[in-house]
């Protein structure tokens, strides 16, 4: 279903839109890439005979259309009113990205999608807005706006995920929190932002693929017979790594951002980000410990029973535990 010819065609045009946006020399070229990306993702979101995916696709289309309209509007006035146009353009990109305070659509759309579409929305759909924001970061007047969005995204993403019972919405608010980290890293180093995004995408993939195979959408699905000890351990390691708990891999990009922010004296932003990271670790641990302790009495103990995890187990372990090897690699280098 997911690898049919129409889906592969739409996915290829989706990636083409991303490449066109980040390689364009003008804002109008970037807008064309964003539109191509949007029109390619809508058919991928819609699942036949499923009203929730259709509703999510409609919400996504309306929000992204508003963002695209603001991009065109601001680009038109960039030469006449560069200050106001830059602020409008910044808000439009944050809206398309799903960052706070324009984040309200993001958990609702995520809640109506299936896991493959969730992964695309959490990773690929963020590439173009993030890279376009890097172009605005060079303007000194935009630093305050980057600071405000970073703080709001980190705080709202952390608080919003506490009482969620839907795994997709937990990952949605987690994504908003990570947006705060990535936007803050743009202020100090675009390379650090790219590294953070790469690690975030790889770790998220290990979680999403597991939930997709097991068709787990809510907390109670983690307690069913479908989850063996092997699957539960994968969930445990992946969530702790995504939360940035040392010595898992997810801590490495956070540590890079901590060093960069400390070197430029952004201690207020650093304290907010670290505080939000502790809160996100709380609801990650809540999910992870629940999956390990509140299990069925008929739980399968064998790791070998997970025939579908023959490739997922080594991938997940490598991605999430690679951070353990980094101190030794540094010593060798």
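Numbering starts at 1 and runs along the chain as it is shown here.
The backbone N, Cα and C atoms fix where each Cβ goes, and this holds for glycine too.
All TrEMBL annotations are machine predictions without curation.
Because the structure is a prediction, the values reported are computed rather than measured.
Features of the protein shown, as given by TrEMBL:
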- 26-84: domain 'NADH:quinone oxidoreductase/Mrp antiporter transmembrane' (DOMAIN)
- 60-81: transmembrane segment (TRANSMEM)
- 86-277: domain 'NADH:quinone oxidoreductase/Mrp antiporter transmembrane' (DOMAIN)
- 87-106: transmembrane segment (TRANSMEM)
- 118-138: transmembrane segment (TRANSMEM)
- 144-163: transmembrane segment (TRANSMEM)
- 194-213: transmembrane segment (TRANSMEM)
- 225-245: transmembrane segment (TRANSMEM)
- 265-289: transmembrane segment (TRANSMEM)
- 309-330: transmembrane segment (TRANSMEM)
When each of 87-106, 194-213, 225-245 is checked against the transmembrane segment (144-163) for Cβ pairs under 8 Å, which one has the most?
87-106
Which residue counts does DSSP yield for the domain 'NADH:quinone oxidoreductase/Mrp antiporter transmembrane' (26-84) in the helix, strand and coil classes, in that order?
48 helix, 0 strand, 11 coil
